[in-house]
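For reference, the structure is listed below as structure tokens.
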Amino acid sequence: MSSRSESDDLRQSFRDTAEDWYHVPALLLAAAWMFWVRMQSYSNFLQNGEVYFSGNDAWYHLRQTMYSVENFPGVMPFDIWTGFPVGRFAGQFGTLYDQLIALAALVVGLGSPSDALVGKALLVAPPVFGALAVVPVYLLGKRFGNRLGGLFGVGLLALIPGGFLQRTLVGAADHNAAEPFFMALAMVGLFGAVAAAKRTMPVWEVVYEELVENRSPETIREPLIWSVFAGVLVGLFLWVWPPAVFLVGIFGLFAALAITSSVFHGDTAEPITFATVVSMTTAAVFSILIIDTVGFGTTAHSLLQPLAAIAVAVGAAFLAWLARYWEQEDIEITYYPAAVVGIAAVLSLLLSVVASGLFGSITGNLLQIVGFSASAGTRTISEAQPFISQNSISQYGLNSASERIVFEYGLTFFSGLLGVVLMHIRPLLRDGSQRAYQYLGGSALAIGLIFLTPLPSIIGDLFGVNGQLIGLLVVSALIAGATFIARYEPTDLLFVVWAAFITSMAFTQVRFNYYLAIVVVVANAYLFARVLDYLDFDAALSTTDVEARTVGLAAVPVVIGLLLFDYALIAVVLAAGLLAAAVAFVDEFEGHQVLTVAAVLLLIAAPVLAVPITLGGTQTSAGTNTATSVQVGNSTGPGAVLAWQPTFDWMQNNTPEEGNLGGAGNADEMEYYGKYDRVDDYDYPDGAYGVMSWWDYGHWITTGAERIPNANPFQQGATNAANYLLAPNETRAQQVLDARAGEGEETRYVMVDYQMASVTDKFSAPVTFYDDENVSYGDFATGVYQLNETPQGQVYAEQFSQVYHQRYYESLMVRLYRYHGSAQSAQPFVLDWDTSQGVPAVDSDEGLLQRYPNMSAAREAAANDPTAQVGGIGPFPSEDVPALEHYRLVKASTYQNQQFQLNDRRQAAMSGDGLYGLIYQQSTTTPSWVKTFEKVPGATIEGSNAPANTEVTASVQMRMPGSNETFVYTQHAQTDENGEFTMTLPYSTTGYDEFGPENGYTNVSVRATSNYTVTAPSTTNESGYTIQYGEQFDVSEGKVLGVDEEPTQVTLEPRTQAPEGANESGNTSDNTTDTNSSSLTGPSELPLPDSDRTTDGTTGDTTDSLDAGAAGTAPRVTVPALD
């Protein structure tokens, strides 16, 4: 009998344990799944024994983590290996995030990890943080939706394919990967502190008695512990990412609203005050411990973080004191909210006057992250673009904002929104007063006007602000106003305020969707719990026996687990069926309860999350397919850095070390992981130099090439880089560099990839930053639309290509990438379009291009037509583009990308069948992924004995060894009245072996195939004989580098060619011997010009065989199909 009783007790104990802890294996399953999904592409990031990362910032985290490994737990105080010529302090890098990864690498590596191990630790950190997020998400979901709701929220988080997943994939090793985890943890603490304070009601008298008089907290122990814990978690979030101070602001707004509304309703505000003061004071202490900047910057551990937390704590205490004063003076309570608003307005006005800089920084950053008002420069960062902007929508091939949201979240955003709305209106519904219902109706009308009419935009235009900001302010006012109609639970109010601001952040900058995902799944957890409440699931579960209840409760994690297998509709149906089978064990469940829960699961979790769907679609496009989390996790990789890395390897081995340019011998002063004091402008030693490129590539240059970029993804030097890369001539480009550099601080190399020179890729980004002239993108290129007709006869315009303007061709980076610094002549082509539906358009049956016999005719035709221009197609400018004198191509990557030619191919296709092949083939420059140029003094050429007042042309053929392709560098010069001229040539033909990295110079990869040829237009003497002028000569590497400053003397030798019918001996009337003109031609076999050709005085420019300048000898190719 006793034995049987013990057996029953043991079984009962096991059942109780299973019921109490069933969520643990479910969470472990979800975490394991999430980690696996994110690690699927791990092998893609290991290439030839090297560890790679995706994006830009991850590479700088590698640098910071390596520094912390070598100097643990220290972080880099100042970095001289970026931001040339001043250096950089990167406040939001080298934080707790990097220290945690460095610690993990040190532990695994037993105190001495290899570089590869450190790289792998950083590589897998995002999946680890993504998987760990299940813990705070479950706790948040449980708080608002019980354990079933918490597990439901975790299941959704595991399935959502959007920003949260993408930021926590293997290789995406930015601090963004850890931010959602630490924010969710901080919110767990803040919700706990507010709830504990609400339960125990720690008013001032109790706090004073227990902490001051008795020094033994009893009733306030729970809220005190929770509040300190919350402050610690907020502090850790700030340690990971300094701009996380936004969370302090959100909590401060909640505290002000909660305190004010509590006083208005006659309740004590001191419990909320207690939680606020303790938590924010603790967070301030944590922030003070790591201050590294005496200022108020948001991106560094500055005075802003602790002062913001202290301000919130002091503000809450002041409002509580004001409430007591109000009560003691028996002032009408309805005046209290007005007093609070008035005090806030006065303090804001005082701050704007006394500390205008701080006030401007606060308001500016607020607008940047929640006010739908990110600056144009910020929006060039892909992750900082508005979430539902037209650009973002079209980028994914979608048609509407709702489709963009569904693409990111499935239907979970809308169900989560329903959950937040339900949470917010329930107190009004419970209030049941006429005023509450009127407020609900008025709020619904106001929100309808915001989202369904242009009213916000109209109001915004009146005040010069974004219409979406007006909408945000109205919604915020409605949320605040409701708290004065009905009483709100503090935790519910905090959630609504948090959700509103995180949503605004995500819609202002797309990056913040990794925060919004947390809010969305927790809101769904709340909604799911309310559905279960409505169906009375809890009552049914509580009346069943233990076995059935355990089976029923265990069904949900099993369902979630099955959903995660991603076998699309099969998995979803199987999951719903399993749920139905599980609850069938419980007699108290009715059919409608089971079907309703299954329907909710299918509706929320099936579309996009488990079953891909097609969104968008136009008359010419079938639409865009969504992707599940498994598909997203299985399709990631390092990206473009793989194409850049061979060039970085070349640069490390074939360019001088930093500090040794020109043999300066100061490389030992440029320790790569050295510790440098923080200064405003670092004094670089002689021999240090910068590498210019667009800021996107700065971190790659620092870590991959171990060279110093001028601009970096901090957007440091972005404007300077834009002004340089878009400079209209060499003189202005050099002035841009000189304005920022000190003596001896030289920018030596320029790296340009195909995207920078392509109007369909990144060309527009530098234009946004460019401030050297009053120009816009329209000054560089114009989109031309093609008119098409539907089967129903409806005409519509579709953007097809970009027409280049002269300013595009004059831009330095275009002249480098397209022409390799060579001169380029205009050709007698006229682009002619019409205007249809307010945009430039061309009929699909008509050509865009008209061809003329000579330049005069072409210019005359364009001058009489406002919708026409000479040139602007392929490499052919409207005006001649002169050669660059101080830049030479030294390395062209073997990786090529035909996307550079996409716009040229589209232009060629719109030019008519007769010109398609000619235009496309002549426009082909070598589409190397990245081309590296060296800025050199150049060799001075002094020429003589040429015809007076005419143009001479020097040319040389160069070979790129990787692709074995060649191009011709051409430069023109004008002779004076004595037939003398001067040139500065950047390419050498001899002496390559005499210079290299060992003596502080470049081991150039691109080399000449022969010597230079210089020619002048032929003349005819009185006897009818043609006199040709030309000479061949070499330019040494020493002269190009300025080591040998002696000019090269070139004398053009006249050679006379007898007219047709002269005697066979070759003797001429002036006793000179005719020399075959082929001996004068350069390596490209360019014919000498004559008066019958339609040229502008340059060599080889005819309407029959178009010379593409730097691309003139590119191989002929078969025209590929248009993308």
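The backbone N, Cα and C atoms fix where each Cβ goes, glycine too.
Keep in mind that TrEMBL annotations are predicted by a computer and have not been checked by a curator.
The following features are taken from TrEMBL:
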COMPBIAS  1065-1082  compositional bias 'Low complexity'
COMPBIAS  1096-1114  compositional bias 'Low complexity'
DOMAIN    47-323  domain 'Oligosaccharyl transferase STT3 N-terminal'
DOMAIN    643-757  domain 'AglB-like core'
DOMAIN    938-1021  domain 'Archaeal glycosylation protein B peripheral'
REGION    1046-1123  region 'Disordered'
TRANSMEM  121-141  transmembrane segment
TRANSMEM  148-165  transmembrane segment
TRANSMEM  224-241  transmembrane segment
TRANSMEM  272-291  transmembrane segment
TRANSMEM  303-323  transmembrane segment
TRANSMEM  335-359  transmembrane segment
TRANSMEM  406-425  transmembrane segment
TRANSMEM  437-459  transmembrane segment
TRANSMEM  465-486  transmembrane segment
TRANSMEM  514-532  transmembrane segment
TRANSMEM  553-586  transmembrane segment
TRANSMEM  592-615  transmembrane segment
What stretch, picked from 437-459, 465-486, 592-615, has the most CB pairs under 8 A with the transmembrane segment (514-532)? 592-615
Long-range CB partners for the transmembrane segment (121-141) (under 8 A, at least six residues beyond its ends), listed in sequence order, are 23, 27, 30-32, 34-35, 38-39, 42, 45, 51, 53, 58, 61-62, 65, 97, 100-102, 104-105, 108, 113, 149-154, 157-158, 164-165, 167-174, 177-178, 180-181, 184-185, 187-188, 191, 518, 521-522, 525-526
What stretch of 148-165, 272-291, 406-425, 465-486, 592-615 shows the most Cβ pairs under 8 Å to the transmembrane segment (224-241)? 272-291
Give the residue counts of the domain 'Archaeal glycosylation protein B peripheral' (938-1021) per reduced DSSP state, in the order helix, strand, coil. 6 helix, 43 strand, 35 coil
Please indicate, using numbers and ranges, the residues of the same chain that are 6 or more beyond the transmembrane segment (272-291) and have a C-beta under 8 Å from a C-beta there. 189-190, 193-194, 196-198, 202, 207, 220, 223-224, 226-228, 230-232, 234-236, 238-239, 248, 251-252, 255, 258-259, 262, 301-303, 305-307, 309-310, 312-313, 316-317, 319-320, 490
Which listed stretch (148-165, 303-323, 335-359, 465-486) has the most C-beta pairs under 8 A with the transmembrane segment (406-425)? 148-165
Return the average pLDDT for the domain 'Archaeal glycosylation protein B peripheral' (938-1021) as a whole number. 95
Using DSSP, what's the helix, strand and coil tally for the domain 'AglB-like core' (643-757)? 52 helix, 14 strand, 49 coil
So if I exclude everything within five residues of the ends of the transmembrane segment (437-459), which remaining residues of that chain have a CB under 8 angstroms from its CBs? That is, six or more out. 425, 428-429, 467-468, 470-471, 474-475, 478, 481-482, 485
Residues of the same chain, at least six outside the transmembrane segment (465-486), with any C-beta under 8 angstroms of its C-beta? 257-258, 260-261, 264-265, 337, 367, 370-373, 424-425, 427-428, 430-431, 433, 435-436, 439, 443, 446-447, 450-451, 454, 456-459, 493, 496-497, 500, 504, 507
